Amino acid sequence: MVFSASHSVFIICRDAAGIAGNIFAFGLFLSPIHTYRRIIRNRSTEEFSGLPYIYALLNCLICTWYGSPLVSSDNLLIMTVNSAGAVFQLVYIALFIIYAEKSKKVRMLGFLLADFGLFAIIVFGSLQMTDLVMRRLIVGLLSCVSLISMFASPMFIINLVIRTKSVEFMPFYLSLSTFLMSTSFFLYGIFNYDLFIYVPNGIGTILGIIQLALYFYYKDSSKEDSREPLIVPYP
């Protein structure tokens, strides 16, 4: 009876953390809107790069597959948040292709096809594994590596803030959303006993704390205009 009650509490805490993570993730999904308003207004991608969205799409696709019932039966909230993230990235990529110059259009289309091709290989390859434990292990490792590598961007931003002593390119709402989302999914992974979720998001939580600390330390010496948010990770 005690074990049953404890297990029920863990499930409630897990689901609450996962739902909170889904909500906070939308703050990250919407972060490039300012950039795309400028692109649409000027009808040009200017010097912006579309590669962060290509990589974010691949990350969302891999994590969606990891959260699907065919790989892990207890990670539905991971599938929902990354499915939404994939849709947002596809919209951003489509807009980028529409307003990019011809050479960039061709390059972006090539990268997009490479994304879908690599994802198809991962899905097909993992489905050939009849051992469900091994399937979850392999796809989990891929999603974990993908998420950890996505944190290279916050590391770049942190280095930029320290070097310039300015938070111009690190908006507060973006740092806060990153911290809240990473913390939520870190707790979700803990309550779900899933190291492929709590390890990368634990790293994201630490980086989020560092970003917020740097923001409050350097905010008085920064001008708050003309910010262009950089790419951020999704769980």
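Just so it is clear, glycine is given a Cβ too, placed from its N, Cα and C backbone atoms.
Feature annotations, reproduced from TrEMBL:
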type: TRANSMEM; residues: 6-30; note: transmembrane segment
type: TRANSMEM; residues: 51-71; note: transmembrane segment
type: TRANSMEM; residues: 77-99; note: transmembrane segment
type: TRANSMEM; residues: 106-125; note: transmembrane segment
type: TRANSMEM; residues: 137-160; note: transmembrane segment
type: TRANSMEM; residues: 172-191; note: transmembrane segment
type: TRANSMEM; residues: 197-218; note: transmembrane segment
Stretch contact, the transmembrane segment (6-30) with the transmembrane segment (172-191), Cβ-Cβ under 8 Å, 3+ pairs: yes
The transmembrane segment (51-71) in contact with the transmembrane segment (137-160), cutoff 8 A, at least 3 CB pairs, sep 6+: yes
Positions whose Cβ lies under 8 angstroms from the transmembrane segment (197-218), at least six residues beyond its ends: 75, 78, 144, 147-148, 151, 154-155, 157-158, 161-162, 165-167, 170, 172, 175-176, 178-183, 185-190, 233, 235
